[in-house]
């Protein structure tokens, strides 16, 4: 190991809160074991999980041993939110989600080699623990006034209250840290910015139960320059890591549209580019922002990371093809559909009129027949990147991409997909 991992995280701005940083820096002079946990509260991880997850990868690359924990037990409870109780999901649903996110988690760290990662599920030691054992061995060490002082608990008590189930969540997570320390000598937990209270609970429980000194780090909460929560798509939903839930094209577009004020910070937090590379991109943003070099690099790195180089090449080709800089017929149907689905897709049923005028109106690119005719006469109407000059033009079978798709474009930038039934 050369640069200490703590120094690396510091210049990247990845340390939000921590226990004694000097002690942790000293501990990481030798290989340590650390963990981060992920509860299966949905069928997929989302973009917001990436910063803590990539912390494990950073530590592994620095010569440390990561443990990835899937919360098969804690996912049955749910970490308390600021507002309202979580919906209780069935055991079968949580088990299925735990399996799905375990597959996703395994893509981001290396499970072979000298510092091979481990994948564990806290259901292994939690599900068979009796209530009496839990209360005596774990609950005994948690003063009620400390638990009530937690910010989330205080906010809930001021509004609609909190159930004993969710109130106990921090004890379950604290016990995970103790178990991982006993089993694997794990001495560090990393987590998201909202996990500090839970992490400190685990640090305290290790000290009380085992007399062990362990450590904790949280990463910053990722927001954009306007304070909006990171990772929400243009439609308002989460950016999922599962390509069936968020297409690689939508994923790529989210990052390529990052604001100048955000892009360098995102590159520091989400990629493994060196300080020198990031400094060069920061100069590009400051001096030539119109080129959007940093945004293109961010989108490429993030899509490679989550979906692989082949998917990245496909979405970059799609982005070029939509604006006439590549051949639309070279796109596979899945990528084509994802790219045109950024806007509402018009469907033309059998027997419905399908002249270029009708298609422009149906697609929403124009709002009247007169506007459609003006667009055509001014040379601004395109189908599959071919200019259309006749008002009565209709598509033939050979025009349909993958037998059913047309890509309409008005001018240089406005496009829409049409599906011919």
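Numbering starts at 1 and runs along the chain as displayed.
The backbone N, Cα and C atoms fix where each Cβ goes, and this holds for glycine too.
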Range among 40-49, 50-59, 60-69, 70-79 that Swiss-Prot annotates as motif ''HIGH' region': 40-49
From 219-223, 224-228, 229-233, 234-238, the residue range that Swiss-Prot assigns the feature motif ''KMSKS' region': 229-233
Largest CA-to-CA spread of L-tyrosine binders 35, 169, 173, angstrom: 18
Site of maximum Cβ density within 10 Å, from binding-site residues 35, 169: 35
Reported mean pLDDT - the motif ''HIGH' region' (40-49): 90
